[in-house]
Every structure is written in C-alpha cells, then in structure tokens.
C-alpha cells in the first residue's frame with residue numbers, strides 16, 4: 001500500500017466520521033429565528049464554498065510548484081484541485097440560489113457576491129477547458145499553470161465583496177472582520193463539523209483523482225472491439241512472412 005493510499009484511507013474514515021457528527025449536530029441545532037428551517041442550508045452552502053476556496057488555493061500552489069520544477073505530478077494536482085473547486089463552487093451557487101429564493105424571494109439578483117462567485121466559476125471552467133483542448137501536453141500544462149496562478153486573483157474579490165460593496169448577501173460567517181462568528185454556539189459547532197467533513201471529503205476526492213490521472217490509460221476499461229471483423233490479410237497469424245494466404249476458391253479448387 002502506497003503512502004497516497006494510506007492517506008486516502010485515513011481521509012475517508014475521517015470524512016465519514018465528521019459527516020455523521022455534522023448531521024447530528026445540524027439536526028439538533030436550533031433554526032434561525034428569522035429564516036426558519038431554510039437557514040440549515042448553511043451547513044452545506046458554507047462548507048461547499050469553503051472547500052472550493054481550498055481547492056482553488058491548491059491550484060495556485062500546485063501551479064507555482066509546477067512552474068518552478070516542471071514535474072508533471074504537480075500539474076496533476078492542479079488539475080484535480082480545479083475539478084473539485086468547480087464542483088464545489090457550482091454547488092455553493094446552486095444552494096445559495098435556493099436560499100435566496102426563500103429569504104429574498106428571488107432566485108437570482110445582480111448582487112456583488114453572486115456575480116463575483118459566478119465569474120469565479122466561469123474562470124475555472126475556462127481553465128479546465130483550456131486543459132482539455134490543448135494538443136501539446138507540455139505547452140498545455142505550462143499555460144494552465146500560468147492561468148491557475150492568475151485565476152486565483154478572483155478569490156479575495158469574491159470573499160470580500162460583501163465587505164467592499166453594498167450587497168444583499170450577509171457578511172462572511174467565517175474569515176470576516178469580526179473574529180467571533182455571528183451565530184449561536186450550537187450552530188457554529190455544527191458548521192465546524194460540516195466544514196471538516198467537506199474538507200476531508202474534498203481531500204479524498206483530490207487524492208483519488210490524482211491517482212487516476214497518474215495512470216497512463218486512466219481507469220481500467222475493456223479493450224475496444226473492432227468495428228468489423230478482420231480480413232484474412234489483416235490477421236497477423238495469417239499475414240506473417242512465410243504464411244501463404246489462399247482464397248476460398250483456391251482452397252476448393254474452383255477456378256476464378
């Protein structure tokens with residue numbers, strides 16, 4: 001068992017334990033006095049955004065190390081982190097839209113936080129598209145690394161948008177100017193457990209994806225079948241030197 005496999009086993013066990021604890025704590029935590037049960041979306045919405053932040057930070061670090069060393073394993077780490085980040089940011093935006101429908105009465109508004117988050121998602125979708133459409137692997141990896149470094153500039157813009165501009169979105173629950181979370185202690189504990197569960201799950205997904213990307217042929221799959229049966233001349237056992245290939249007419253003695 002490799003070190004990466006051991007780490008993945010540890011991450012999987014920790015993620016399951018944290019998810020179970022988060023489910024219990026979120027279920028027993030009181031609902032918000034104003035938003036009601038809809039507030040419990042926070043226990044998925046915020047951890048999803050947090051995990052996306054971590055994943056995009058991973059893209060930055062892996063891209064910088066790749067530009068410094070040129071080792072392909074760091075390019076694989078950057079790709080895996082970007083895929084996770086795109087998925088988590090899409091989940092955060094979708095849940096935020098549902099939450100906004102309940103609290104604001106609308107699915108979408110041109111709010112600073114919503115617009116910058118959507119722009120961040122589009123930037124990293126473009127990053128993945130640039131990787132997929134590249135022809136020369138080395139050139140594609142280098143260009144992707146540069147893009148991964150530049151794209152990170154969007155991250156603080158998204159996070160601090162609710163502080164810098166007038167917005168409908170509430171101030172940051174975490175990593176805001178106030179070190180004390182503006183929520184009850186039981187809610188904060190449930191949120192912390194959910195964030196831990198998402199973080200460990202995200203790390204497990206990234207390590208698993210890196211292992212798959214390191215496999216030359218990707219995940220194991222059955223060998224492709226030919227579109228048509230091979231002809232006699234195409235069969236290697238019959239077309240090898242010294243092997244005479246006869247037609248059906250020659251074998252039966254019927255003149256052509």
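Just so it is clear, glycine is given a Cβ too, placed from its N, Cα and C backbone atoms.
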Correct range for transmembrane segment (source TrEMBL, candidates 185-206, 207-228): 185-206
Distant-in-sequence neighbours of the transmembrane segment (145-165), which means Cβ under 8 A and at least six residues beyond its ends: 53, 56-57, 59-60, 62-64, 66-67, 75, 78, 82, 112-113, 116-117, 119-120, 123-124, 126-127, 130, 171-172, 175-177
For the transmembrane segment (79-100), sequence-distant contacts whose Cβ falls under 8 Å of one of its Cβ atoms, 6 or more beyond its ends: 38, 41-42, 44-45, 48-49, 51-52, 55-56, 58-59, 62, 106-109, 114, 117-118, 120-121, 124-125, 127-128, 131, 144, 148, 168, 198, 202, 205-207, 209-210, 213
Remote residues contacting the transmembrane segment (185-206) - C-beta distance under 8 A, at least 6 residues beyond either end: 8, 11-12, 14-15, 18-19, 21-22, 25-26, 28-30, 42-44, 46-48, 50-51, 54-55, 58, 77, 80-81, 84, 88, 173-174
